[in-house]
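Visitor: Before we start, here is the structure in question, set down as structure tokens.
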Amino acid sequence: MNSLQELQAIIKSKDNFTKFVINSEVPAVCKNEPCMLGVDEAGRGPVLGPMVYGVSYCPLNRKSILEELGCADSKALTEAKRDEIFTKMLTEEDSLNNVGWAVEVISPNYISNSMYRRAKCSLNEVSMNSAIDLIKKAAESGVNITEVYVDTVGPPEKYQTKLSEIFPSYKITVAKKADSIYPIVSAASIVAKVTRDHALKVWHFNEGLQLDHTEFGSGYPGDPLTKKFIRDRIDNVFGYPLLVRFSWSTAELMLQEKAAACTFEDVDDLGKGKSKSTKTISSFFTLKTEDSKPRKRHKFFEERHLSTCTDFD
């Protein structure tokens with residue numbers, strides 16, 4: 001990959017209902033010399049779009065390359081400047097020979113399902129798991145990691161202890177605002193932010209909506225375009241398209257206000273006090289002829305990759 005257009009093409013080729021990893025080739029020098037690796041994310045707070053975790057790595061004695069690229073506090077950089085820096089990472093010889101990176105794009109659907117499943121997985125857990133997996137993948141691909149710098153999720157001391165237990169041979173540093181302190185974390189942050197920006201630009205609505213990213217904004221709850229999207233693009237039965245993190249309070253409150261009320265049987269009560277002959281409500285809608293064909297699943301369920309759940313244990 002040597003352009004942002006190729007990055008967009010790769011993102012478009014992936015399914016946007018789960019998560020996936022995109023990574024650079026590992027420079028040979030990163031396999032032979034001790035390396036630092038930085039970790040940061042983009043899109044933790046938005047109600048729309050994916051969260052992206054990124055890592056970047058380079059030899060300890062090549063820190064000057066990051067500084068020459070302009071890897072400083074990524075939050076202080078404009079979108080155009082971040083695009084420019086990432087493009088240099090993809091094209092300039094010094095960067096290609098010394099700096100590697102990887103990102104994990106975590107879909108809104110994956111985030112919300114994790115937070116809503118019976119054994120709940122918080123956003124912090126999703127974040128930490130992604131960071132840990134990316135570090136492991138870099139090591140497995142041959143990167144000679146000796147130092148790791150991470151922008152914190154939750155209390156830095158607790159997170160640093162957790163990572164040190166998992167990676168005892170690495171020098172681990174977890175800090176608040178690490179992207180403004182350590183250039184290697186800033187590089188990871190830039191990679192993550194650019195990937196998220198372009199993931200939104202090429203978002204494909206499986207639900208059939210024909211919308212450009214300029215019509216739903218940045219995804220942050222305070223963005224007027226995002227507010228309008230959340231208010232106007234709600235189906236009173238099916239809720240929101242997969243772009244929306246339906247576990248966010250912004251979306252939950254709007255669903256409560258505008259969507260049809262829905263109640264469910266208590267799972268714990270299923271089967272209690274009922275005879276085996278008791279018919280299910282769905283049986284009253286089943287065609288009883290010998291020649292009846294199975295009904296085709298509605299497009300809504302196929303688009304959202306939903307399946308019938310029969311096991312309540």
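Yeah, the Cβs are placed from backbone N, Cα and C, and that goes for glycine too.
Feature annotation from TrEMBL assigns divalent metal cation binding site to ASP40, GLU41, ASP151. Look at TrEMBL and you will find 34-260 tagged as domain 'RNase H type-2'.
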Visitor: Between 0 and 100, where does the mean pLDDT of the domain 'RNase H type-2' (34-260) sit?
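Guide: Value for the domain 'RNase H type-2' (34-260), mean pLDDT as a whole number: 92.
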Visitor: For divalent metal cation, what surrounds ASP40, GLU41, ASP151 with a Cβ no more than 8 Å from their Cβ centroid?
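Guide: Going along the sequence, the neighbours come out as VAL39, ALA42, TYR53, GLY54, ALA131, VAL150, ALA178, ASP179, VAL185, ALA188, SER189, ALA192.
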Visitor: Count, for each of the binding-site residues ASP40, GLU41, the other C-beta atoms lying within 10 angstroms of its own C-beta, and report the residue with the smallest count.
Guide: GLU41
Visitor: Please list, in sequence order, the residues in the chain of ASP151 (divalent metal cation binding site) that are at least six apart in sequence and whose C-beta is under 8 Å away from its C-beta.
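Guide: Non-local contacts for ASP151 (divalent metal cation binding site): VAL39, ASP40, GLU41, VAL174, ALA175, LYS176, LYS177, ALA178, ASP179, VAL185, SER189.
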